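Q: In case it's useful when we look at the structure, here is the feature table from TrEMBL:
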- 487-511: transmembrane segment (TRANSMEM)
- 488-753: domain 'G-protein coupled receptors family 3 profile' (DOMAIN)
- 526-546: transmembrane segment (TRANSMEM)
- 558-582: transmembrane segment (TRANSMEM)
- 603-623: transmembrane segment (TRANSMEM)
- 643-671: transmembrane segment (TRANSMEM)
- 683-703: transmembrane segment (TRANSMEM)
- 715-738: transmembrane segment (TRANSMEM)
Amino acid sequence: MVFAVDEINRNSNLLPNVTLGYSLYDNCLHIGIGAALSLVSGQEEQVTLEENCVGTPPVLGIVGDASSTSTIAISKVLGLYRVPLANAMIQILKHFGWTWAGLLFSDDDYGVHAARSFHSDLGPAGGGCLAYTEILPWGDDSAELRRIVDVMRKSTARVVIVFAHEGQVNYLMEEVVRQNVTGLQWIASEAWTSGISLQTPHLMPYLGGTLGIAIRRGEIPGLRDFLLQIRPELHDNNTDGKIVVNEFWEHTFQCRFAPPPAGWVEAGGELCTGQEVIENVENELVDVSNLRPEYNVYKAVYALAYALDDMLQCEPGRGPFSNNTCAHLQRLEPWQLVYYLEKVGFTTTFGDQVSFDENGDAIPIYDIMNWEWFPDGGAKVQSVGEVKRSAFKDEELTLDEDKIFWNFESKQPPRSVCSESCPPGTRMARKKGEPECCFDCVPCSEGKISNTTDSMECTSCPEDFWSSPRRDHCVPKKAEFLSYHEPLGICLTTTSLLGTFICVVVLGIFIHHQSTPIVRANNSELSFLLLVSLKLCFLCSLLFIGRPRLWTCQLRHAAFGISFVLCVSCILVKTMVVLAVFRASKPGGESSLKWFGAVQQRGTVLVLTAVQAAICTVWLVSASPMPHKNTQYHSDKIVYECAVGSIVGFAVLLGYIGLLAILSFLLAFLAKNLPDSFNEAKHITFSMLIFCAVWVAFVPAYISSPGKYADAVEVFAILASSFGLLVALFGPKCYIILFRPERNTKKAIMGRGTTK
């Protein structure tokens, strides 16, 4: 402090025409509080808490000492204390993924404030939690220390954070050695990071590899020369400055100033002359290579100086206080100087930036220290990184991991987690009654995924996607429809083409033998039209196979409905012709045939088919069938199907076919007992019985079949009914034409009692 004040006073650019002074006080706790009250009251003598502090405080700032306990005690009087240290330790935990740790702290302001800050910031900043929190006793309380170490031994946390003083840690480590608790990673606060008494061969097997936080080491140019110029006061005055310097001199040269203590000279002790050569001394008091608390004091004095300099540059009428006033040095209020302190920003000769955040905390810079343990039992505390925060960024940790000594067989950082991370495909489920770092990993349910580690929730896949087997990403759902490439689709397609081929063959046979009696007797024109309609029925089933498109959805039911109505209409007209011919063969029934000539037959088929075409047109215009992606049948599949659009339209279409089929069946049933020469009615009756049976069975099967199987049921019904009509109506005739040509004569056809 003295050096900094002297340096500032000699700097003409900083606080020109202003000279700073200082008062130095002991840092013993009760003396420190008294000194603080003395400073702020303006009284040099000791004051008590009962006295009133009056008068204008002549002191602009107080720089605390390196010990937090005494500094906090003073700051409680002055209202200044903050703790930025905990965040630096949290950065270390976060860097190594240590989310499960134990916390030990001393029962004083230093430990309590640090532990409170650490505990409140650990979760939000580092995502960790504490396995246990214990207060270290003062002194060698063996029972309490035994209990604490037993908690540490039984805990699964491998990292232990300690906010305590070196002496308390010594007592703790003695119990750790007694219980032989190894395999722990210790994190030291700055109070014992450099503790020499702990770096012994006895303790290093347990404390080796410790990581600690230390106040930033700095360099202060000129400080060593300043220290070497110090000389003791030989005059008889007992000023505080003389006492401090003389004690330093006596300690350095192991001598005593006159008058020496009784027996000093007799015991061979030397007297100090004040002329000893200090330039050759190498001890901790003149060593400026490892300045840590001293560097902070140096920066603190400069911060006060820069704040005061900014305040004195205020222009009247443009000040920051009420009515644009400025602060006056003679009437300065502490809060006015604090205003300027909060805005201080400067760079030291060592290159460190000094400023304060919105909470009044200095922008922290800490060194990360590591305890290296050598095979010969020796130890060294080395710097392996730093934690610093700029005015625009959060704490940034820089580590040279290659330099870190790990006191484990693996020579790697330990794992310290309550629960291992949940991999993608799972979510975290908190364990009831345990800290938030303790959880189970629950696999995501079907249709949900998590693609990050330690996911809190599983997210649902989009509608057209499904979870992968590992539940870590979404994959497109399998498309399901009646495909040409699957066995069922291939089988139905083959059957459809086979039916079409048979129709073509039968049509060719009938055309080739169209002049024969059996073809002419069965109304060849209607037979040809019936074969064409059956061929269309077989072909329309192909529209139900393959991925549904708009045109296939619209065309499949229309083609199916019109083709079957055309087919059934031909059968109905053939049945009506059979009945008319039978009636015309009776006396007085000749007039019956005039209503069933060729023109009337064509017209009837056309009208009946046109009605179905009209039904299809209205259906397509009002509520057209559309392709539909159905995700209700299977959660992991998309069933592509054709939505009928209007159930009423579909029902009317099927109902009209059913009406014509039933009518044909009834008429054929009435004509089934006609003479053998007119046995066409028997074939029609049998064919329509098959047709009706198939479509009656179709309705419940269609309703109960999901997805592509509904299309397969409809295709099967189309093919079964078409084959039933084809075989029942044309099978016997083709058999006669091809294998029994002797029966394909007019005599055989018209004769009665012929061999069947």
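Note that Cβ sites are derived from N, Cα and C of the backbone, with glycine treated the same way.
From a predicted model like this one, the values you see are computed outputs, not experimental measurements.
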Q: For the transmembrane segment (526-546), I need the partner stretch with the highest count of C-beta pairs below 8 angstroms, choosing only from 487-511, 603-623, 643-671, 683-703, 715-738.
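A: Between the stretches 487-511, 603-623, 643-671, 683-703, 715-738, 487-511 has the largest tally.
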Q: Would the transmembrane segment (715-738) count as touching the transmembrane segment (487-511), i.e. at least 3 C-beta pairs under 8 angstroms with sequence separation of 6+?
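A: Yes, the transmembrane segment (487-511) contacts the transmembrane segment (715-738).
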Q: Using a Cβ cut-off under 8 Å, which residues of the same chain at least 6 positions beyond either end of the transmembrane segment (558-582) come close to it?
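A: Counting only partners 6 or more residues beyond its ends, the transmembrane segment (558-582) has Cβ contacts under 8 Å with 522-523, 526, 529-530, 533-534, 536-537, 540-541, 543, 592-593, 595-596, 601, 604-605, 608-609, 611-613, 615-616, 619-620, 653-654, 656-657, 660-661, 663-664, 667-668, 670-671, 674, 678, 680-681, 684, 687-688, 691, 714, 718, 721-722, 725, 729.
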Q: Restricting to the domain 'G-protein coupled receptors family 3 profile' (488-753), what is the model's mean pLDDT?
A: 83
